[in-house]
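Chemist: I'd like to ask some things about the structure below.
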Amino acid sequence: MGRSERERRQAAQARLQAAGISPAKKSGGAARGLMIGAVVLVVAVGAGLYVAWQNYAAPVEPTYPVARDGVVVTAGNPAAPVTVDVYEDYLCPSCKQFEQIYGDEITAALNDGKAKVQYHHIAILDDRSAPPGYSSRAGNAALCAADAGIFPAYHERLYADQPAEGAAGKTVEELAALGTELGATGDFAGCVTRQAETQAMTDATDAAAADPAVAPGGRFGTPTVLVGGTKIDINDSGWLSNAING
Amino acid sequence: MAPMDRSSDPDALSAQEAAREHVRPRRGARPCEPVPRPVWIGSAVVTPARLPDLVGTAVRCALAAVWLVSGGMKLADPLQAAVAVDAYRVLPAALVPVVAAVLPLLELALGGLLLLGIGTRLAAVVSAVVLLGFVAGLVQAWARGLSIDCGCFGGGGPVPPGEEQYPLTLLRDLGFLALALWLVVRPRTLLALDRVWDPPAGGHDARSGPGDARPAPVDADRTAGRTW
């Protein structure tokens, strides 16, 4: 070896010339394939970025009212024309992504009074933490947060800090401390410690799984989202604007 | 057609044949040069020299299928794709949806380019980079003790501990990486648009494949018919 690519090419050219052969001119076809390939890849990445940008909503501070009835937290004006039912489990990864992708858009709609969201606190993943029970524990704490006037921020933080499946997740003490950090009023720590809604969440979970509108064909998973009582496809990125604009 | 009888006119050697004569001089010192023997593959006769082309074609189509299937499955369920990306616990939350939106389209684009054989080497290089990223993601997840499904072909996300398939998944990804590297080293394949746009000059299809240590006696080939 030791010869550079260029030298080898020149030598090859020279040998061909010596034999009186003019090598075929470079067709430029290779460059064409390269160009088209590069354009296709750039367009694909650009289209993906565009989709992500379309789904992006500017962060907004929640200003909507929150009320609680048992395990259901109603966010937004109760008289809002569009009713959205959301069934979530705080350990559910898809719920985290649902909140990540649609959270700001939902908050804006709630602030504007265009829709209200009923968050149904259920627990189907209690056995996915070690020790079991994080789903119920976090659900109880979130219901306490509604009473303490910090539900929007608490709800968001529970997803942002979502433990991995198989991890322990926040303890009762840590859940109480998070409420204090977010400015909970009243006896928040006492409420979290009581874990008073565990049985009600279990009952609500069973009821949801038995409701054909929530669990068509008996398949119940989280997140399940209903608009006006009808389950919608959360992969349809326009589900909320379609609901609001009719 | 020129009314010329090749067999009786030694000067009528095609440029192609002459070129072959030239770049493969009979040096006498290479008495063991194997005589290309035809091989039956399907109903087509191919010389052994064309075997790497056939292998490369199969490699290209296999890698194309991998990308098309994996990209399609992810595109069908974007939320699940975001869950799978997030499960690796590498990216900040705000970037997860971005990567989850870009990845399926990039995979489909790579699959399409490879299927048609457009910019094969570029697509192979990008494929290798993406696959290396997947391997790195898997290795870090394994090392950190995360319990996740790779989400390589849709699905994905956290799984109960003990249900991870790290060795199998890694082996599979390394296999895909090997396919990509073959095409990086030797992008020339049959049934490719690259080949239509940039036909091999002088009929020198007998390029050495990867791992073929024999010095390629086809320097002229490197000047023309270079496939990207």
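Numbers run from 1 along the shown chain.
Each Cβ is built from the backbone N, Cα and C atoms, and glycine gets one as well.
On a predicted model such as this, the values are computed, not experimentally measured, just so you know.
If you look up TrEMBL, you'll see B:1-31, B:201-228 marked as region 'Disordered'. Taken from TrEMBL, the feature domain 'Methylamine utilisation protein MauE' covers B:55-185. Per TrEMBL, transmembrane segment is recorded for B:94-115, B:122-143, B:166-185. Residues or ranges marked as compositional bias 'Basic and acidic residues' by TrEMBL: B:219-228.
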Chemist: Checking distant contacts: for the transmembrane segment (B:94-115), what same-chain residues at least six beyond its ends satisfy Cβ-Cβ under 8 A?
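Modeler: Same-chain contacts beyond the ends: 60-61, 63-72, 74-75, 78, 81-82, 84-86, 122-124, 126-127, 130, 183.
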Chemist: Are there residues at least 6 beyond the ends of the transmembrane segment (B:122-143) whose Cβ is under 8 Å from a Cβ of it, and what are they?
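Modeler: Answer is 63, 67, 87-90, 106-107, 110, 113-114, 150, 152, 164, 166, 169-170, 173-174, 176-177, 180-184, 187, 228.
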Chemist: What are the DSSP helix/strand/coil residue counts across the domain 'Methylamine utilisation protein MauE' (B:55-185)?
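Modeler: Within the domain 'Methylamine utilisation protein MauE' (B:55-185) the tally stands at 97 helix, 6 strand, 28 coil.
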